[in-house]
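Features reported for this protein in TrEMBL:
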DOMAIN    15-701  domain 'Myosin motor'
BINDING   G108, E109, S110, G111, A112, G113, K114, T115  ATP binding site
REGION    578-600  region 'Actin-binding'
DOMAIN    952-1138  domain 'TH1'
Amino acid sequence: MSVMEVKTSLLDNMIGVGDMVLLEPLSEDSFLENLRNRFDHNEIYTYIGSVVISMNPYRSLPIFTPDKVEEYRNRNFYELSPHIYALADEAYRSLRDQDKDQCILITGESGAGKTEASKLVMSYVAAVCGKGQEVNKVKEQLLQSNPVLEAFGNAKTVRNDNSSRFGKYMDIEFDFKGDPLGGVISNYLLEKSRVVKQPRGERNFHIFYQLLSGASEDTLKKLKLDRDFSKYNYLSLDSAAVNGLDDAANFRTVRNAMQIVGFMEDEVQSVLELVAAVLKLGNIEFKHESRCNGTDESRIKDKNDLKEMCELLGIEQSVLERAFSYRTVEAKMEKVSTTLNVAQAYYARDALAKNLYSRLFSWLVTRINESIKAQTKARHKVMGVLDIYGFEIFEDNSFEQFIINYCNEKLQQIFIELTLREEQEEYVREGIEWTNIEYFNNAIICDLIENNQNGILAMLDEECLRPGTVTDETFLDKLNTICAEHQHFESRLSKNSKFLTDHSLPHNCFRIQHYAGKVLYRVEGFVDKNNDLLYRDLSQAMYKANHSLIKQLFPEGNPAKVNLKRPPTAGSQFKTSVGTLMKNLQTKNPNYIRCIKPNDKKASHIFTDSLVRHQVRYLGLMENVRVRRAGYAFRQAYEPCLERYKMLCKNTWPHWRGPAREGVEVLMADLQVPAEEFSYGRSKIFIRNPRTLFFLEERRRQCLQDLATLIQKIYRGWKCRSHFLLLKKSQIVVAAWYRRYAQQKKYQKIKSATTVVQSYARGWQARKLLRELKYQKRCEEAVTTIAAYWHGTQARMELRRLKQEARNKHAVTVIWAYWQGTQARRELRRLKEEARRKHAVAVIWAYWQGLKVRREYRKFFRANAGKKIYDFTIQRIMQKYFLGLKSSLPSMSPVDRSWPARPYLFLDGVHTELRKIFHLWRCKKYRGQFTEEKKAVYEEKLEASEIFKDKKALYPSSVSQPFKGDYLEISKNPKYQKLSSAVDDKVLLADVVNKINRANGKGTARIFLLTKKNFVLADQKTGQVKASVPLPDLTSVSVSTQSDGFFALKLKEGSASAVKGDFLLSSEHLIEIITKLHRIGATTADREQLNIDISDEFLVQFKQDKVCVKFIQATPKNGNTVACKRKNNRLLEVSVPTSP
């Protein structure tokens, strides 16, 4: 269907026949061919009247989107193509608007898609009903109950990877507005035999594989489980992994769904413990032992699995071990204890496993019902959804298939009854004559099974309760005796001679001819499965468990409530449940979904004729079509009928003004449809034969083609006229715009010419004015120039006069200077000559004295030569040493410890002293570069070293960290503006510290401000001052020797600040805080110096009590964090992580 096309009827663009009632000719082959045709075109839904046939496509189709939900919302059932949403919408609107309770019956064999169909119905109802927080919560709980029940009640079979192994009926309750209030779930006959044994190619229930695949290692360790499937006897290995099934992801989905539904965490853990216990139970094996009296008994081979199971369930191992070895039978006041052989022990083990899992599943259903039940007690509208096993015919059919097929017989019976009743009620309501319809009534088959006197279930119960030896063979003999003449019962050993030679009928089997076909049942296991017996010893052992959930599952094990009455059999319980279900369904308006599996390969696009034909037969679909067609094949209300076919008659086209029925009558008369082919009801027209409907559809199709041609002709004419008018209008617009443009251009030229003339006139006037102004300016400049020249002449004449006077004075000065110079030079020459003479005398005298001395001491020269050479050598060595030291001096850094090596041993003392002198000199040079602020910082670092070095483990890490002081930038931060204004003095240190609470040892963030007069503690968030303590009231500070940041500020006793006691604080800048406190005390003359106590144990005064703060080293657990804990009222213990 194209994007622009809109469907208004089931008959539009139909692939095949959308409603099988309209199939012509009607036969089994044409029925199958129609299903195949629609299936090949991805049309998986087909109607039989109001019944929906659903084919499993085995793949995802884009027909379940939110857009599809909106498309089918509040639409008539036959208005759109067949879809499961149409049936769900019809049921929901009938419940909401007509106040009719509804039920949706979903049937079909395993793998046909029943579970998915029920999910689609519930999701559609959840999407179209009201919204709101509470309503959405209820809807979510209803939808999330499915994953939980599927995990515990579904399994992989040869026919279906997600086969429901239990029947489920859910009543969804609605209020008067149609909003869901809650729901109630009923479960029927869980296939608990699957827990202990699975056919080849099948799996146990999903939850076992999901738990082992998806649980965390910690969870598996608590449950004492291993991920390896092969370690558990109850899990089949040949099909443990399923393609397209992610058990780990599904386990997470189940856990999330249980949380949404309302399971508590301890309840989920209890459920998983029971699942683990079932797996452990399957690993318990027995060995044969003979007693001295000759009787056989059994013993457990390996008790490890038994031990782990008992630990999970809180049972004494000896109690459960005895229950597996002995059986106690009570009769009136007597008790008889007998030993169990190996076969009986295995039977007891499997019976316990089956009962444990079955009762756990029933508890889950009950627990879900508690969560999803309606909270109000007012009357509710109810929509029931039945998802129950389909009819099953296997190669080996046993007790489970027998009761499943019995249930399907009852559903088929109520289906036929309700369908016929619905048809009859509609005919009576519309005033149409009712004709009796012949059909096969399967009541005779239901009676064969459920008759209280001679029914198969009654005889099975009688055989189970009969004293003496009871076996499956005795039960078959009884059936052969009583049911031999029944026309739907067949047995090789019956009195009916016609089956004596039927080799397709084994001796240990019987055959029942169901409405869907003949089914062969093997009697082996019928008696045991019907008894479903669990030894009382095992029930009592389970009741003794300390596990809270186990006691609820085995109430009969309570010794105070021992009931000797035999419990009801499985068959009688199921019969009662089915009877209750049938009564419930008969009170509601039924809606049917018949699911069909197209092939056994679970593959898409494959349609197996034989398989689908078999399902069509046993679902009774052909019979359903015949029932619907027995009277009238098609019916439709007058209004939509007239709206659809009114174009076939000139009198009704295009509008009919009268009542719709009269319009339909005029229409049918004009078309000359034979009167026997239709009847008029009160609100609908009934058409007997599909050929008549197809005749109307063909005429409508031809008429639509003619109308389409007419519409195209009119549309094309309108389009051409519209185009011509548009061109005409465009021409007018273009002409108007051109004229406007031409006038604009002419105006622009005139405007431009005017502007040029104006500019020339204004230019001439401006130039004339400029000439006048220039002449006036030149006159003014001439006057100024003449005056300047006159003043200049006067000034130069005065200057020449002054210069002449100065030259005269200078000449006199020069002459006098030359005369003085001549006199001075003459005197100088005289003095030099006199000095030369004296110098010559002195030189001659010196030479003479030297000559005399050399002559006198020449004889002593050889005796003193060695000492002189030695002194000269030492002098040269010292000179070379000092010059070398000058070129190899180390850097000017005070921390540089390098120094040139001494060249000679006799220089050792000098070398050491020079090194000390050089180091002191460069330290002085380095200190000279310091500013006052830097000096103060180094003085604080020096003082911190004197206080904490080798005393506090935290000190080495603080050496490289500069003392910043104001870490919060309190004067600049607008957040602390109020706090900054509250402090009068300059803030020396501002940091965030933790104030330790005595009650629990936890810290509260506080702002710590330190000034020269006091320290302040304020709230970090609000900046409110919590405490302001004058520094004279601070007597001492106590810290530990370890790497923590805890310190105690001890106050003077009796002072106003000490009312609440001392302060125990923690800070990352402990070294800086205490150093500044100590430095302020040392620089203040009127106050004693602050005492600093460094110890791993000290007392702190809290109000009236003294508390000991003790520091211990501990292994880091939660990172390298220091933890403070309160040990008692008098002790706070601080755990400091050990340094790696």
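Every residue gets a Cβ built from N, Cα and C, even glycine.
Fair warning: this is a prediction, and the values are worked out from it, not measured in the lab.
In terms of DSSP secondary structure, the region 'Actin-binding' (578-600) contains 9 helix, 8 strand, 6 coil.
Least packed by the Cβ count within 10 Å, out of the binding-site residues G108, G111, G113, is G111.
Most Cβ neighbours within 10 Å among the binding-site residues E109, S110: this distinction goes to E109.
Using the Cβ center of G108, E109, S110, G111, A112, G113, K114, T115 for ATP, the list of other same-chain residues with Cβ within 8 Å runs, in sequence order, N56, N160, S163, G390, C595, K597. Using a 10 Å radius centred on the Cβ of A112 (ATP binding site) and all shown protein chains, the other Cβ atoms total 24. Taking the Cβ of T115 (ATP binding site) as centre and 10 Å as the limit, one finds 21 other Cβ atoms among all the protein chains shown. Under a cutoff of 8 A between CB atoms, and with a sequence separation of 6+ in the same chain, the neighbours of K114 (ATP binding site) are I106, T107, G108, S164, D387, I388, G390, I593, C595.
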